[in-house]
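First up is the structure itself, then whatever we jot down about it.
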C-alpha cells in the first residue's frame, strides 16, 4: 500500500505568552461569590421545582410514559423469573447474615419496592447479595454471640443456647446496621458525594468481592459438615476459623455432608445444562428453586432431622412483620460497619448500573442511586430487613429474559410477597446444607475472578498489585476493616506513581511544531541550546524535590556544585576588593606597587560550559494543579538556574495552574507572565528570535 501523505499546512500568528493571551482573549477577573452561589442554588421557580421533583422521584417521569405493548410481556416474564431466584437466594443469604431465612424474603421485598420508586437504573436487580450478607453476619455474630445466650439445662446437665432470644437480638443488630448504612447513603447522595465510588477502582472491587466470596465459603463450612465451630472476630479470624473447622472435621455429620455433596453436584450439572440450552430456552431453568423443592420434599419424607441429625431451616412464619424502629442504643456500636456497608453496596450497584446504562444508551444518576439505595436500606431496616445491593446473577437473568424497566423488579417483589404470605412455611424442612450448596455454586463466578491476575500482569502490574493486595488485606482483616485497608493501599499506589513519574527531555519532530521524548523516537531531534523538560505527573509536596533533582540530572546541571563555585568566586572578589581598599588608604606607595596592583586580575566568570543549556523550558502540560510546595520548587528553579546564566521558561500551563502561580506569589516585579508560553513551540520560537546566539533549526512562525 502506498504511503499515505498528509497535506502540509501553515499557521501564521504572533508568538503568544500568557500576558498576550489574557489581552487577546480578554480574561475575565470576575468570580461568583459564595453568597451568590448559595442564592442561586436556593432560588426556586416552577420549572426548577418540577425538575427537582422528577429527579428526586424518577418514577413520576417514566411510568406515565410506560409503553405497555412493547415492554409489558418482557417485564412480566423477567419479573417472575427473578422473583423465583429471590426465594432460594434470599433464604441462603439470610444464613450468611446469621438471621432466620424468612428475613431474607423480607429483604427481597421491601427494598425492591422502594428502589422501584426512586431508582434510575432499568435493568439491575436489587436484593440480597452475598458480600453484603457476610458483612452483616460478622456484625450480628460479634454483637450477639452464642456465649451471651447460654443457659444451663438441669435435665442434660449441660449448657444450651437460647436460640429464640439470640435470633431476635441478631435481627435487631442487622436492622440497626442496615438502617445506619441507609442513612449514610442518603446523606452522601444529598451532598452530591456520588463520586466517592471513583475511589473503588475495578481491580479493587473485583479483588474485594473475590476475598469476600472466600469469607462466604468459609462461613458456610459449618453447614456443609454439620459442625459448630467457635465464632472468631477481628483480624485473622478467617485463619482461625479454618483451623477450627479442620480440627472439627472428624466430628462431621455424614448425613449433612452427603446432602451437601449431592446438592452441589446436581446444581453444577443443572447450571451447565442451563448454559448449554441458553439460546434455545426463552427462560432459564430455575435450578435453585427446583433444588430446594426436591430437598424439602426428601427431607420431609425421610425425616432427615430426626434420623440423621441434619440441620433444617425450622419455623418460617407466614405474613409480614410490623415495622419497628431499630434500637438507637446499637447505632454507636455499628457506625463503622454501617459506613463500610454503605460504600461497598453502592460501589457494586453503581458499577453494574453504569454497565447496563452504557449498553442500552440511557443515563444513571450516581447521586440519585445513592439516595435510592439509602432509602431502600433505611426503610428496609425499619421492616427488619438486612442490607441489600445489586446481584450480578439476578441482573443477568432479568436482562436476558426481556426485562426492560424497573417494572420487572416490582413484579419480582410481588412474587416474593406471594411466597411470604402463603407458601413460605412449606420450606421449613429444607436442610441448611442445601442453602449452603446454593451459595457455593452461585459464587463460582466470583472465584473465576482469580483469572484477573494473569490478565492484569500483562496489562498493568500496578492494578494487579492493587487486586492482590486487596484480596490479601480483606482475607486477613475481614470485609469491613479490609475495605478501609484496601482503599488506603490503592491510594498509596497512586501516591507512589506520582512520586515516581517518568521524566523526559523533549525534542522536535522534524518540520513540525510537535515535541516528543527523545528516548522514545529515533527521528526526534533536540533543539540546540534548549533543554525541554517534562514530568508525567503533577508537581506537589510529595515529588517537588525529586522534580528538581531529575531536572538537574536530565540537563546535566549540578546546580549545587555550580552555585558553590559561584559563591567561592564571589567571596574571592569581595576579598580582593577589600585588599584594594586597604592599599588605597596607604598614603605612600611606590609606582611599581601601583602598577602591579592595577595589573591584578580576578577571573570572575568562567567561560560558559558548551555542554550546558542556555535555556530550559519546563513543559507543564501534564500538571493539573500546583500546591505551595510545587510553586516554591518552580521559584527555586528559576532563581538557581538564573544565577548560573540559564533562563527558565514555562510552557503549556493550564488555566488552573496559572491561577495557582498567581495566588501563590510566583509573579512579582521581575517575574511576569511573559515567562509563560501557551505552547512549547512558542517558547522555542521566542528563544530563537530573541537569543541570537542560539542557532536552531526549527519550524518558523510569525
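Placed from the backbone N, Cα and C atoms, the Cβ positions cover glycine too.
Residues annotated as transmembrane segment in TrEMBL: 93-118 (among others).
Feature annotation from TrEMBL assigns transmembrane segment to 173-200 (among others).
Taken from TrEMBL, the feature transmembrane segment applies to 238-269 (among others).
Sequence annotations record features per position, and here TrEMBL assigns transmembrane segment to 281-302 (among others).
According to TrEMBL, the transmembrane segment annotation covers 338-358 (among others).
Annotated transmembrane segment per TrEMBL: 370-389 (among others), in sequence order. Within the same chain, residues 56, 94, 97, 99, 103-104, 106-107, 110-112, 114-115, 118-120, 126-129, 131-133, 135-136, 171, 174-190, 193-194, 320-321, 323-326, 341-342, 344-346, 348-349 sit at least 6 positions outside the transmembrane segment (370-389) and bring their C-beta atoms closer than 8 Å to a C-beta of that stretch.
Beyond the ends of the transmembrane segment (409-427), by six or more residues, the same chain brings 75-76, 78-80, 82-84, 86-87, 90-91, 101-102, 105-106, 108-109, 112-113, 115-116, 125-127, 292, 296, 313, 316-320, 398, 403 to within a C-beta distance below 8 angstroms of the stretch. What TrEMBL lists as transmembrane segment is 409-427 (among others).
Look at TrEMBL and you will find 471-496 (among others) tagged as transmembrane segment.
Annotation comment: TrEMBL describes 520-687 as domain 'STAS'.
TrEMBL lists 559-594 with the feature coiled coil.
Three or more CB pairs closer than 8 A are found between the transmembrane segment (338-358) and the transmembrane segment (173-200), so contact between the two stretches is assigned (pairs 6 or more residues apart). Residues of the same chain lying 6 or more positions beyond the ends of the transmembrane segment (93-118) and with a Cβ under 8 Å from any Cβ of it are 56-59, 86-87, 126-130, 133-134, 136-137, 140-141, 167, 170-171, 174, 216, 219-220, 223, 313-317, 320-321, 368, 371-373, 375-377, 379-380, 383-386, 388, 406-407, 409-410, 412-413, 416-417, 419-420, 424, 427, 432, 435-436, 439. Recorded stretches compared: 238-269, 281-302, 471-496; the one with the most Cβ pairs under 8 Å to the transmembrane segment (173-200) is 471-496. Residues 214-215, 218-219, 221-230, 232, 287-288, 291, 295, 304, 307-311, 431, 433-434, 436-438, 440-441, 475-476, 478 of the same chain lie 6+ residues outside the transmembrane segment (238-269) yet bring a C-beta within less than 8 angstroms of a C-beta in it. Across all of the domain 'STAS' (520-687), the predicted model scores a mean pLDDT of 79.
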